[in-house]
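Engineer: A single structure is presented below for examination.
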Amino acid sequence: MSLKAEEITSIIKSKIANFTPQADINETGTVLQVGDGIARIYGLKNAVAGELLEFPNNVKGLALNLETDNIGCVLMGEDSSIQEGDPVKRTGQVINVPVGDALLGRVVDPLGKPLDGKGPIKTNSSRPLEIVAPGVIERQPVKQPLQTGLKAIDSLVPIGKGQRELIIGDRQTGKTAIAIDAILNQKNQPADQRTLCVYVAIGQKQSTVAQVVQTLTEFGAMEYTVIVSASAADPASLLYIAPYAGSSIAEEFMWNKRDVLIIYDDLSKHAQAYRQMSLLLRRPPGREAYPGDVFYLHSRLLERACKLSDKNGGGSITALPIIETQANDMSAYIPTNVISITDGQIYLESGLFHSGMKPAVNVGLSVSRVGGSAQKKIMRSVSGTLRLDMSQYKELEAFSQFGSDLDKESQQQLTRGKRINELFKQDQYTPMPVEEQVLVFFAGTNGFLDNIEVNLVKEYEKQLLTYFKAEKKDLFEELKNAPEMSENLTNKLKEALTAFGEVFKNSHSTAQ
């Protein structure tokens, strides 16, 4: 078959007309130096701060230092496979994390990859790691309570939805235990109104995270919880982005009109990871060798917790950051920074913890700066004088150790203080509904415990709740639904507590 010259010409012309160039244009750079999870890259002149870079073997990096002739980049994976001279590509993207309901009940790393062996996470939604926190107009004041189920906190250091409340104390004083109890207590709410929880483990041992997962699963709390884990074995870069990833996951729920509780456990290790990265990137060190912007590191994170205005859906993020102190020193750099950013702190003391006071909340140094306006009126009516009573009791207790003779009124204060102090004690994983707390504190502050031996207070509390649920159902229900303590309700409670006092006295006199 012979082709004519015109046909050949027309074929060539059509091929030229339909030709589309397939060249893949990539801006690439070269690795100059790599080590300790840091790479220096030559080239990539148009890279922006915070951009995701792609290395060989599917390792990702985050551009942090943009210098005149090179880029300082932290690696999001193992650096042993990267060599000097390797090509590096720009992605033109910032880090995004998968978000949405598909993450509930899952354990993920800060990049959203599953760690629980339950298969891939099926979600099409993602959010950038870092966003600007909502502005003043987009927010509303904190006015709804968030119950933790812990008597010492809900009565004296109340937390509101949208608040940032710091949990601070030495190692092994029960900081994580408070956070886990707060998560467990959200199970008491109806499923459609339940506060969702995000637990961010930063630099924790993997065995500790496994223990948290097991506890939450046992109590049925994993179904409304997401765990973001950057363990002690992970690179500092993953520890650095973990809290921001947790915050992005929480924000998706918040903008969908949900309430979220997020726990950062703990921000001391987060600051240490950032210090490590900054020193390796040759940024100038400041106080305690932390970089100059370590305050901004935490302030931009914690400002993302808020209560949105009704116009924006009214969702909220309540943050409970945890800080570990050394030898009860709250005046160190990171603790003072985070105290000044948050809306109050729950201070746990090792001395109290070892003396058997659990949770070991130091009532004098713990404060909630905005939660008071969110506390339920009925709780405020019984706990209003508690803080003053407890501080007077502590003062008297110290004074009475000198063996001084005390007048009758002071002895009365000591007697009541000892018993109320006993009421603050609570076992782990036993969060208490607010109506039970109100009943117990009402009994304590109105003198119904004054004639009970201190070692029997716990037994009294247990039997009191059982008695009310069985014998005084209607009154207990009325207490549960009452917005505030009316005179009628007060009289009914006093009557019922007097009757129970006789029952308790008789049961113990016969037992003896």
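In case you wondered, yes, glycine gets a Cβ from its N, Cα and C as well.
From a predicted model like this one, the values you see are computed outputs, not experimental measurements.
Swiss-Prot feature annotations, pasted as is:
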type	residues	note
BINDING	GLY169, ASP170, ARG171, GLN172, THR173, GLY174, LYS175, THR176	ATP binding site
SITE	SER366	site 'Required for activity'
Engineer: Whole-number Å only: compute the distance from the Cα of GLY174 (ATP binding site) to the Cα of SER366 (site 'Required for activity').
Structural biologist: 15
Engineer: Taking GLY169, ASP170, ARG171, GLY174, LYS175 as the binding-site residues to compare, which has the smallest set of other Cβ atoms within 10 Å?
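Structural biologist: Counting other Cβ atoms within 10 Å of each of the binding-site residues GLY169, ASP170, ARG171, GLY174, LYS175, the minimum falls on ARG171.
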Engineer: Could you check the recorded positions GLN172, THR173, THR176, SER366 and say which one's CB has the fewest neighbouring CB atoms inside 10 Å?
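Structural biologist: Each of the recorded positions GLN172, THR173, THR176, SER366 was scored by Cβ atoms within 10 Å; lowest is GLN172.
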Engineer: Give the sequence-ordered set of same-chain residues, not counting GLY169, ASP170, ARG171, GLN172, THR173, GLY174, LYS175, THR176, with Cβ within 8 Å of the centre of the Cβ atoms defining the ATP site.
Structural biologist: GLU324, LEU348, SER350, PHE353, ALA360
Engineer: Just the number: how many Å between the Cα atoms of THR173 (ATP binding site) and SER366 (site 'Required for activity')?
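Structural biologist: Cα-Cα distance, THR173 (ATP binding site) to SER366 (site 'Required for activity'): 15 Å.
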Engineer: In terms of DSSP three-state secondary structure, what is the assignment for LYS175 (ATP binding site)?
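Structural biologist: In the DSSP reduction, LYS175 (ATP binding site) maps to helix.
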Engineer: Kindly assign GLY169 (ATP binding site) to one of the three DSSP-derived states: helix, strand or coil.
Structural biologist: strand
Engineer: SER366 (site 'Required for activity'): which of the binding-site residues GLY169, ARG171, LYS175 is the nearest Cα neighbour?
Structural biologist: GLY169
